[in-house]
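Contents: one structure, followed by commentary.
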């Protein structure tokens, strides 16, 4: 049995769907929302790499590396903001974040 593009697209669709459900079903915990965004970005990267391998073009793989770099920076900055917010407010609930000034 050969692993084709359909298998990669199926796994990518499942990851993307899990990420979307994670965002919509859990609106109270910011950390789970960030992890769901990372799942969505992982699904997009899997699509880029799968199509890059099938088409024989390296542009998709290079773009996936850029997306991974931006996702890592986004996760680091998001978690740093959450740590500072937790130290100031004592909670990371989404309802408390809506009450921020600025």
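A Cβ is built for glycine as well, from the same backbone N, Cα and C atoms used for every other residue.
Note that the coordinates shown come from a computational prediction; the quantities given were computed from them, not determined experimentally.
Features as listed in Swiss-Prot:
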TRANSMEM  5-25  transmembrane segment
TRANSMEM  31-51  transmembrane segment
TRANSMEM  66-86  transmembrane segment
(message) Let me spell it out: take the transmembrane segment (31-51), skip the flanking residues so only those 6+ beyond its ends count, and list any with a Cβ under 8 Å from a Cβ in it.
(response) 5, 8-9, 11-13, 15-16, 18-23, 60-61, 63-64, 67-68, 71, 74-75, 78-79, 82, 92, 94
(request) Take the transmembrane segment (5-25) and find every residue of the same chain, 6 or more past its ends, with a Cβ under 8 Å from one of its Cβ atoms. (result) 32-33, 35-40, 42-44, 46-47, 49-51, 54
